[in-house]
Structures are given as structure tokens and as C-alpha cells.
Amino acid sequence: MSATYTDLREKLQSLNRDSPKEVRKRKQPASDTEEEDEAGSEPEAEEEEARKVRSGIRQMRLFSPDECAAIESKIDEVVSRADKGLYQEHTVDRAPLRNKYFFGEGYTYGAQLQRRGPGQERLYPKGEVDEIPGWVHELVIRRLVERRIIPEGFVNSAVINDYQPGGCIVSHVDPIHIFERPIVSVSFFSDSALCFGCKFQFKPIRVSEPVFFLPVRRGSVTVLSGYAADEITHCIRPQDIKERRAVVILRKTRTEAPRLEMKSLSSSYQPERLQGSNRQHILKPKRSHRKADPDAAHRPRILEMDKEENRRSVLLPKQRRRSHFSSENYWRRSHDHVDTYTETGEDEGSPVRKVKMRRH
């Protein structure tokens, strides 16, 4: 009889254990000397990779519990307005255990793309998503400007990701051709973690150990730039979302970022339906606009993973790939902890199928 799991996170833990078949398939070193060389070089490479990731991260605790509660009530209002259908179509993107709310600027990604792969993401035409709510400016952005984390006028894109327990977002790099750096995120409702360099595998679903594990506390601000933003993927694993968690992601779009044109809006409508003010859309219809069912956490296909089923392996551009010791070649565990980051500055195996990641 097959094992029964009460939660997807238990299934992931079970699947991450090596099966005898997988162990037999692993390549054995040709000699004891080769084995010693590999054992000696891999930890050094892991430490170097983790050091590079750390160099691109700043993290600080900025919002008090009372301030968090005030912002969280505003996030609940956003959810309520979306449930009532008060936002534009492309403002809201729903998936099991994860809803996204785009403000200021929205863009195509994942299963919405006609052509998939890095560099294919496009901004929506101006006005296709709702403006950034006033409370985001007043309660969040203003504080970041006052603390000189970002310059005034930097943010023109705000995304709220609302996760339920067991939710996740697969490994990705925020599209470099769409967004300037840094990438700023503020966490609410509960503690979680951000993982760098993980591999996601599907059928069965499993997630590798990260190159670097970064605890993320409620009320904390995380700033990614340099290596951490551009040269390695980041993700949120299902096992790291134990309670509801929301994150406000604040970014600036590039002036030269490609944008969909209204006249080319697509193909899912028949010509006879394009009368009057009806507009075509170049996007595929969204998979679902319904809320996740209560038992969604126990299903094997979760969140954005269902959008990744047919994706090719998406790593970084060729010129940025490393032939050895890259985050996409090894499964690693970080021994670092968030307490090494302060407010004051910069100190602040083998899967069955290819890794499925995407720029996001």
C-alpha cells in the first residue's frame, strides 16, 4: 500500500531521502585519490558560492509588531477587494496556495507566455493593472526611503504575494531585462525563509538542499543585488511556509523593458467577438481565478509548479554559467544564519528529469 501523507511538506521530506536505486546510479570515483580530491574541493566550492550570495544580501528588521499588524490589515483589504472582483483582470493572478496582486506594473510569466524561456517576459500595456495603493506608499515605501534603503521615486512596481501553508514559488531569477536592481521585499504575517540555488523536480515533486538558506522574519526587509539577484536562483520551498505569509515586493522597471502592444493583443478571441471596445489578449487564458480549496495543500501539484510542468530547464545566460560547482549542479546545505546580517551595512542526487526553473 502506498504511503499516506497528511501534508505536502511531509511528502517532500520523504522523497528527499535517497532510494537504493538512486544510490546505485551515482557515479563512483575511479580511485581513492579521486574520491579524496572531490571530498576536499566540494566544501570549498560550497563556501565560496555561499560567500558570493551573502555579498549580495542586506537584511534588517524594520517594522514593529504593531506596524506589521496595520499593514497586514491592509493586505487583507486587498484580498477582499480581489475576491469581490474590484481589480482589473491582470492585477490578480491566482494559483493553489498562492495569490499574486500586481500594482503599478504587471508582466507576463510562466504559463502565460506564448514563447517560454529567459528574456521572454513582457510588461503589460500601461493601465492594464491597478495603481500602487496609497497605503503601500505611506506605510512601506516611505519608511524604506527614510532609512535610505531605496531612493525616493525608485519604486514603480509593487507585488503582493499571499501564501497559504505549504505554498511555494519555484526557483527563478527576477527578469534582468524587466527590473532594475536592487529587489526589495518586506515580509508579513509569519516567519519563513528564502533559499538560493535549489533544484525543483516534478513527478515526483522534490526540492534539493539550498546553496544558501536565509531566514526571513515577520517585519524584516530583504534587499537583493549583485550575485544574489543576478547569478543564482532563489525560491520559497513548501516546507518553509508553515503559516500564512505575505511578502510585498518593491521594484523599478527598466525604461527599455519590452512591453506588450495593445494592437497585438492576442489570439484567444474569435474575430466576430472583437466588436466595439473588446480587446484581444496575447496571453493564454489564466488557469484559474478561483480560490484554493481547503485541501489544496495535500495535492501533489501546487502553486506555480503546475505552470512549470512543460518547461525546459531554465538556468542563467550561457556567459554566466559555470561548468563546475554552480548552484544548479550541486545540492547543498548552508550553515549560515540570518543573524550575520545587520542593519548597518554590507555585512548585514541526481533528479530524474531536468531542473525546471524560470525567471520571474
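Cβ coordinates come from backbone N, Cα and C, glycine included.
Here is what Swiss-Prot says about this protein:
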- 7-22: compositional bias 'Basic and acidic residues' (COMPBIAS)
- 32-48: compositional bias 'Acidic residues' (COMPBIAS)
- N161, Y163, H172, H234, R245: 2-oxoglutarate binding site (BINDING)
- C198-C235: disulfide bond (DISULFID)
- 281-290: compositional bias 'Basic residues' (COMPBIAS)
- 291-312: compositional bias 'Basic and acidic residues' (COMPBIAS)
- 330-340: compositional bias 'Basic and acidic residues' (COMPBIAS)
Check Y163 (2-oxoglutarate binding site) against DSSP and tell me helix, strand or coil, would you?
strand
Can you check what DSSP calls C198 (disulfide bond), collapsed to helix, strand or coil?
coil
Can you tell me which binding-site residues out of N161, Y163, H172, R245 are within 10 A of C235 (disulfide bond) by Cα, answering none if there aren't any?
H172
Using Cβ-Cβ distances, find the residues under 8 Å from C198 (disulfide bond) that belong to the same chain and are at least 6 apart in sequence, listing them in sequence order.
S171, V207, S208, E209, P210, V211, T233, C235, R237
Largest CA-to-CA spread of 2-oxoglutarate binders N161, Y163, H172, H234, R245, angstrom:
19
By Cβ count within 10 Å, point out the most packed of the binding-site residues listed: H172, H234, R245.
H234
Neighbourhood of Y163 (2-oxoglutarate binding site), C-beta criterion under 8 angstroms, separation at least six:
L97, R98, S192, I236, I241, R244, R245, A246, V247
Using a 10 Å radius around its CB, how many other CB atoms surround N161 (2-oxoglutarate binding site)?
19
